[in-house]
């Protein structure tokens with residue numbers, strides 16, 4: 001049993017880092033993240049940028065689906081709202097990035113409030129279908145409101161630049177995304193250790209008891225929707241800047257399903273799990289890509305796509321069947337075993 | 001003693017079924033009040049109406065002089081009413097401490113933005129409320145499990161956590177729905193001791209639904225008996241034990257009718 005870590009005040013009990021080891025590892029991770037683009041190639045950096053942007057959105061979804069227990073397939077819709085808001089503001093109104101990205105988040109949050117209202121009476125599958133419909137509606141809205149969204153032709157965004165400094169390369173863009181991701185993680189961790197996060201969890205676990213303890217359940221469900229879609233909107237805006245072009249195909253329904261699968265693989269309700277889930281699922285896709293293309297011939301072209309989908313689906317099924325707590329669950333189990341060794345518990 | 005909770009001619013209908021019919025009783029400040037009756041008598045429905053989980057069909061509920069019959073359910077905690085549930089409604093995946101901190105919800109003011117930023121005000125509030133929760137943990141003697149997810153605890157301990165969560169709301173009136181059902185003799189005695197401590201040390205008025213007649217007659221100041229949705233008796237434990245209606249409800253009719261049938 002590990003000893004020597006003693007909390008002496010309530011302040012220490014509520015801090016994010018409970019012991020020196022955690023603090024050291026976090027700093028090591030920060031230094032590694034800062035150094036990464038220097039060491040890595042442009043292609044890998046761009047891949048990591050994609051992962052980090054996805055992680056921002058998935059952390060938001062995790063607050064809604066993982067913590068509050070409201071299943072949402074609206075993620076792609078909120079990404080689209082954020083992405084289009086940023087793209088329109090930057091391309092048509094030449095607004096700077098530091099305004100466009102938060103605007104994307106706020107616009108998505110407003111839509112989140114709108115979608116959240118049906119959630120007050122719907123649960124489980126019914127809510128999932130409603131949010132699914134929202135994603136489809138958004139796609140149609142974008143295609144038909146041509147005067148604002150340029151319809152099916154899409155919009156090319158301006159080059160990302162912040163305070164006059166151009167972030168034209170993947171490596172410079174990396175630092176912007178990293179900064180936003182760190183803020184996103186901190187925000188999520190903070191909200192979960194405040195009364196708001198506890199109310200979210202209480203609603204997922206026992207909404208009647210939550211209400212009896214003084215939690216206005218309806219209002220907090222809306223909060224969860226707003227916060228979650230704000231995260232997705234920010235992610236969508238960053239996505240628009242990364243690809244430098246948005247059209248409806250960039251925000252297909254598959255993204256919603258992918259996002260839900262990421263939080264399942266990572267571990268529902270855990271911020272770290274959300275990040276790990278993103279890395280696992282996108283990493284797996286990338287590895288499969290590599291494996292199939294290196295096989296060449298028929299495997300490389302024809303069956304690759306179907307087989308990838310198959311392996312991808314299989315992973316989700318296996319996780320739900322054997323490890324519903326996801327990768328974070330596995331991590332916790334091994335950590336406990338290691339900490340208590342040689343005792344069994 | 002003054003009246004803390006006044007239930008007046010309360011009625012609850014589910015479609016054509018009248019679950020609670022015209023029930024009235026007072027709960028005095030500082031007492032232990034028990035609501036008893038056979039299964040299906042309407043006791044839990046009564047509790048659910050008082051704590052606003054269910055809307056009453058008619059009648060009034062007055063807490064400390066304030067009419068709460070139509071108040072929003074989440075405002076009940078702030079007015080000083082805490083409750084536990086018949087079939088354990090703890091937050092199973094949250095730790096003991098977090099369960100109790102949810103009970104502090106209506107005493108905190110942290111907004112969503114405050115939570116995201118976790119600035120000095122939020123931090124100070126978290127620290128203060130954590131301190132209060134630790135006091136309740138000490139009172140209930142569950143220090144050793146404070147960081148354990150509640151779902152992993154034994155049944156008796158889970159019940160105790162639920163009691164702690166209700167206490168964390170700082171109630172004037174505490175509703176306990178079948179606190180000791182499924183507990184062994186030792187756990188039952190522990191709970192009885194806690195309830196007496198609540199009354200004497202913390203001056204909390206306790207209203208409980210209970211099937212265990214031992215604990216009811218031992219610690220109650222007043223008892224109301226319900227059967228088929230109606231109040232059939234009200235009085236002190238001694239009066240209730242002697243009441244012919246109560247004996248009939250629990251033990252059935254006189255023996256002659258049965259012998260005639262044979």
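A Cβ is built for glycine as well, from the same backbone N, Cα and C atoms used for every other residue.
Automatic, uncurated: that is what TrEMBL annotation is.
Annotated range for transmembrane segment in TrEMBL, selecting from A:304-322, A:323-341: A:304-322.
Segment annotation: TrEMBL labels transmembrane segment over residues A:222-243 (candidates A:200-221, A:222-243). Tallying C-beta pairs under 8 angstroms between the transmembrane segment (A:173-191) and each of A:24-44, A:51-73, A:93-117, A:222-243, A:263-292 places A:51-73 first.
If you look at the transmembrane segment (A:124-143), the same-chain residues 6 or more away from its ends with a CB under 8 A from one of its CBs are 70-77, 80-81, 84, 111, 115, 118, 149, 151-152, 248, 251, 253, 256.
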